[in-house]
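Working notes, beginning with the structure itself.
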Amino acid sequence: MRKRRGAQRLHDKIKNSNVRNREHAILYDEYTSEGQFNGKRNLANNEIDEAINIGNNIPMTLGMWDFEHCDPKKCSGKKLARLGIVKLLKVSHKFRGIVLSPQGQQAISPADRVIIQEHGLAVIDCSWARLDDVPFAKLKTFNDRLLPYLVAVNPTNYGRPWKLNCVEAFAACFYITGFPEYAHQLLSKFKWGCAFFSVNGDLLKKYAMCKDSGEVVRVQNEWLKDIEEEYTQAREKDNDDLLVRNPNHSFLDDGDDDDDDDDDDGDYNDDDDRDNDDGDSDSDNDLTVKGSNQPIIKDDLSGNSELKIAKE
């Protein structure tokens, strides 16, 4: 009885501490068979840490500068930090690994693999809308990089190009530099994570086959060109469809012909008919113009490409 009480006190102490220790408490329940004390009086902290880090066998250092621009409950970087996967960095910290930053001058590529192996990978957790508030000049980085074109699948920016969150950025870098297993491992911590590879899988494979930043940028630009051509063809097809007569209106048109026969008997003025027809055709043209030129995809691409695409 005393042993069970001692185990319960240890469980409560862990559970009521900080967020990470609450994760420990959950694992403690599983580790001791549904919370029942298994005869060992104490469970060492290193055993708990070993239990919680099952599957977190990434040997590289992962870092993050957090400027607290986002909701802590939704921030993927903060979740990785709580799990002990990512280390929070201060502005004064030096980081000699690869840093994903808007200040980068070249794209991440397989050529960066050795740097990541030796010195790690870091991200800058900030809002795209508040880049001016980030003291980039004070950050002591040595290998800034940009991410090439990829589409976000996180709940906040789903479907938006270049708007990746922290875990998506980490995963993209690992995949491109030849560590796909670590990319899958990180995204497995999130319910929506598998969708990232469904949406970006083909493009990630192309990036991973490149030699350096220049090739990555060429692959990216070819991909964007294909997207724009597909969009243009789709718009042209939509415009052609507008010129095809709608068969659902054939019955109404037949009725109009009967009315025209009556008009020939002198009930209506021919000049008035012409005026009315001209007015109708003008209104139809207005509707066609308003609905025919909405390049949504094109706007998304051109609105972000100059800021974040590395030039060859």
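Quick reminder: no glycine exception, Cβ is built from N, Cα and C everywhere.
What TrEMBL says about this protein:
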type     : residues                      : note
DOMAIN   : 61-94                         : domain 'RNase L inhibitor RLI-like possible metal-binding'
BINDING  : SER76, ILE124, LEU147, TRP162 : S-adenosyl-L-methionine binding site
DOMAIN   : 98-224                        : domain '16S/18S rRNA aminocarboxypropyltransferase Tsr3 C-terminal'
REGION   : 238-312                       : region 'Disordered'
COMPBIAS : 253-285                       : compositional bias 'Acidic residues'
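TrEMBL feature annotations superimposed on the structure.
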residue : record                               : CB count, 10 Å
SER76   : S-adenosyl-L-methionine binding site : 27
ILE124  : S-adenosyl-L-methionine binding site : 24
LEU147  : S-adenosyl-L-methionine binding site : 24
TRP162  : S-adenosyl-L-methionine binding site : 21
Please list the DSSP helix, strand and coil residue counts for the domain '16S/18S rRNA aminocarboxypropyltransferase Tsr3 C-terminal' (98-224).
65 helix, 18 strand, 44 coil
On the Cα atoms of SER76, ILE124, LEU147, TRP162, which are listed as binding S-adenosyl-L-methionine, what is the maximum pairwise distance in Å?
17
Going by DSSP assignments with H, G and I as helix and E and B as strand, what are the residue counts for the domain 'RNase L inhibitor RLI-like possible metal-binding' (61-94)?
7 helix, 9 strand, 18 coil
For the domain 'RNase L inhibitor RLI-like possible metal-binding' (61-94), mean pLDDT (0 to 100):
88
